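*Asks:* Encoded as structure tokens, here's the structure I'll be asking about.
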Amino acid sequence: MKMSLDKLYEVIDKKKDEFVTRLSRAVSIPSVSADVTLRPKVVEMADFVVSEFTKLGAKMEKRDIGYHQMDGQDVPLPPIVLGQYGNDPSKKTVLIYNHFDVQPASLEDGWSTDPFTLTVDNKGRMFGRGATDDKGPLIGWISAIEAHKELGIDFPVNLLMCFEGMEEYGSEGLEDLIRAEAEKYFAKADCVCISDTYWLGTKKPVLTYGLRGVCYFNITVEGPSADLHSGVFGGTVHEPMTDLVAIMSTLVKPNGEILIPGIMDQVAELTPTEDSIYDGIDYTMEDLKEAVGADISIYPDPKRTLQHRWRYPTLSLHGIEGAFSGSGAKTVIPAKVIGKFSIRTVPNMESETVERLVKEHVTKVFNSLNSKNKLAFNNMHSGSWWISSPDHWHYDVGKKATERVYGITPDFVREGGSIPVTVTFEQSLKKNVLLLPMGRGDDGAHSINEKLDLDNFLKGIKLFCTYVHELASVSP
């Protein structure tokens, strides 16, 4: 195996420019699932994925999953891409998952470069929307197959593939498909590998064994039939924006403390054993400062910082739709405003209970305002938290592969973000799920100037190659 891997590493380095060009083509497709006008681009990205894998000999198909309501209209959901590479009954079979949609991005948001043009700086940082989340890892799998074909090395496992275009907008339709195909298309899977997380910091690789869940809500406050002149009507009517700000100010304190009654009662108790795990993780407050670009930490030490990032819930305010947000001054009273916020959930929180508690709190606060405006509460989407065991044989495979590529034992960590499909795969297939990151903790997924370091991209491809060879040799 060592000789084969060394040759694979050499060809990956040799084909670096080709692999970067492929990633550049992927980034150039603005596959923003949250923008109805860009939905055709999400479909275009699905076609790109199908084409690239098909060229390498994979059997690919697109599954239509119907329509959904978006911006008041019925919109086709992007197809889910399924694929199979190899069907040798003597080999292990791994199901890989990635997503090909991305978060919204524009120069007006503050990007230093065009977000849909992959730009490489003199430090080897590749900037572009989706570079790390999640087009880089997806292109990494394509490149791993190509490296094997280039050398005529037999791919050591069978690959099943599941790629979606709605991950950044709630993964609508995916859960039903996975459950329907658990004993059909996905029946031969021995394990599942997802590459949609990141290192904790910038220097040491990790394997992720836990994720927080998410419940995303919006509150709509509506009053007049149209926007009003504040000089004419200010002080004479109940203003929707004032009501909304009053409600949102009761959700969370500036120090992160959630103010909604009952939320913290659901959280699993921190045991001494779990508490001690955080002592050995390679992370500093300087890592946090570097990742966020400012010294704005709530807690003074890494231990409490990581605990509140991974194992405690958080509530974040995301924005207000319908309010004036342009440059200059506009003295308008908005007729309708929509406040958006989410709660990251942890063991043992249940989404249904969280929704009930939030709705009760929001309704109670609104009623106390004695406003004549109208309130509407909506749960936009929810996904459960997930915890696995780092002692599973599959995680040992990931550990050995990481050690081979990086020369260091990875930290086993949890992640503050959410990948609801992880729970669905584990529950439906009854197979272990490994989260195998490619990018670093400062990549800025979902933020402006999202990037993926060239070194992580190339070593990530090598990691995928090593992972499948280690997987082929293990006896569970």
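In case you wondered, yes, glycine gets a Cβ from its N, Cα and C as well.
Computed from a predicted structure; not experimentally measured.
Here's the feature list from Swiss-Prot:
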ACT_SITE  Asp101  active site
ACT_SITE  Glu167  active site, proton acceptor
BINDING   His99, Asp133, Asp196  Zn(2+) 2 binding site
BINDING   Asp133, Glu168, His446  Zn(2+) 1 binding site
*Asks:* Nearest to Glu168 (Zn(2+) 1 binding site) in three-dimensional space, by Cα, is which of the recorded positions Asp101, Asp133, Asp196?
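*Replies:* Closest candidate to Glu168 (Zn(2+) 1 binding site), judged by Cα separation, is Asp101.
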*Asks:* What's the most sparsely packed of the binding-site residues Asp133, Glu168, Asp196, counting other C-beta atoms within 10 A?
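*Replies:* Relative to the other binding-site residues in Asp133, Glu168, Asp196, Glu168 has the fewest Cβ atoms within 10 Å.
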*Asks:* Starting from the Cβ centroid of His99, Asp133, Asp196, the recorded Zn(2+) 2 site, name every other residue in that chain with its Cβ within 8 Å, sequence order please.
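*Replies:* Sorted by sequence, the hits are Asn98, Asp134, Pro137, Glu167, Glu168, Ser195, Ile419, Ala445.
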*Asks:* Report, in whole Å, the straight Cα-to-Cα distance of the residue listed as 'active site, proton acceptor' from Asp196 (Zn(2+) 2 binding site).
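*Replies:* So the Cα of the residue listed as 'active site, proton acceptor' lies 10 Å away from that of Asp196 (Zn(2+) 2 binding site).
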*Asks:* Inside 10 Å of the Cβ of His99 (Zn(2+) 2 binding site), count up the other Cβ atoms and send me the figure.
*Replies:* 28
*Asks:* Could you give the Cα-Cα distance between His446 (Zn(2+) 1 binding site) and the residue listed as 'active site', in whole Å?
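*Replies:* The Cα atom of His446 (Zn(2+) 1 binding site) is 12 Å away from the Cα atom of the residue listed as 'active site'.
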*Asks:* Can you give me the residues near the recorded Zn(2+) 1 site, meaning same chain, not Asp133, Glu168, His446 themselves, Cβ no more than 8 Å from the center of the site's Cβ atoms?
*Replies:* Val102, Gln103, Gly130, Asp134, Glu167, Ala445, Glu450
*Asks:* May I ask which residues of the same chain, at least 6 positions away in sequence, place their Cβ under 8 angstroms from the Cβ of Asp101 (active site)?
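*Replies:* The answer is Ser31, Val32, Ser33, Val42, Met45, Pro78, Glu164, Gly165, Met166, Glu167, Glu168, Tyr169.
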*Asks:* Need the DSSP three-state call for His99 (Zn(2+) 2 binding site) to compare against my parser.
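*Replies:* The residue in question, His99 (Zn(2+) 2 binding site), is strand (DSSP, three-state).
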*Asks:* Under DSSP, is His446 (Zn(2+) 1 binding site) part of a helix or a strand, or is it coil?
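*Replies:* Going by the DSSP assignment, His446 (Zn(2+) 1 binding site) belongs to neither helix nor strand, so it counts as coil.
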*Asks:* Quick one: what's DSSP say for Asp196 (Zn(2+) 2 binding site), helix, strand or coil?
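*Replies:* Going by the DSSP assignment, Asp196 (Zn(2+) 2 binding site) belongs to neither helix nor strand, so it counts as coil.
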*Asks:* Using all protein chains in view, find how many other C-beta atoms are within 10 Å of the C-beta of His446 (Zn(2+) 1 binding site).
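*Replies:* If we count other Cβ atoms within 10 Å of His446 (Zn(2+) 1 binding site), we arrive at 15.
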